[in-house]
Amino acid sequence: MTTKLLFVCLGNICRSPAAEGVFLHLIEQRQLTDQFLVDSAGTGGWHVGNPADRRMQAAARRRGI
């Protein structure tokens, strides 16, 4: 059975995409990707279509995520 997991924040450009990325990284390390369906979303539509915040992307890269 696949577990569905949704990370939610206000704009979906910083916190929830970061949480999604960290979780995906962890399940990949443990070879569990086939057991989870992971996504992120925002409660507001201000940033629809925008990539994750560049500072968050840089922080994730520094941590190997």
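Glycine residues also receive a Cβ, built from the backbone N, Cα and C atoms like all the rest.
If you look up Swiss-Prot, you'll see Cys9 marked as active site, nucleophile. According to Swiss-Prot, the feature active site maps to Arg15, an assignment based on similarity to another entry.
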Neighbour tally for Cys9 (active site, nucleophile), based on other Cβ positions within 10 Å of its Cβ: 17
Distance [Cα-Cα, Å, rounded] between Arg15 (active site) and the residue listed as 'active site, nucleophile': 6
